[in-house]
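Residues annotated as disulfide bond in Swiss-Prot: 3-43, 5-33, 26-44.
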């Protein structure tokens, strides 16, 4: 599933980005979004 993190949650490494939901660890009720374009870019956003 695609995800966007430019305005949905605290940025971990870089923003804005569009990518896919990753199974990485974020706080409860949040999900990790990993960028399409670079492995090191990801962020946490609130689950919808």
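A Cβ is built for glycine as well, from the same backbone N, Cα and C atoms used for every other residue.
Note that the coordinates shown come from a computational prediction; the quantities given were computed from them, not determined experimentally.
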> About how far apart, in whole Å, are the alpha carbons (Cα) of residue 3 (disulfide bond) and residue 26 (disulfide bond)?
Replying inline: 15
> Cα of residue 43 (disulfide bond) to Cα of residue 26 (disulfide bond): how many Å, rounded?
Replying inline: 9
>> Please report the three-state DSSP label of residue 26 (disulfide bond).
In response: coil
> By a simple count, how many Cβ atoms lie within 10 Å of the Cβ of residue 33 (disulfide bond), its own Cβ left out?
Replying inline: 28
> Of 26, 43, 44, which of the disulfide-bonded residues has the most Cβ neighbours inside 10 Å?
Replying inline: 43
> Just the number: how many Å between the Cα atoms of residue 44 (disulfide bond) and residue 33 (disulfide bond)?
Replying inline: 6
> For residue 33 (disulfide bond) and residue 26 (disulfide bond), what Cα-Cα distance in Å is obtained after rounding to a whole number?
Replying inline: 10
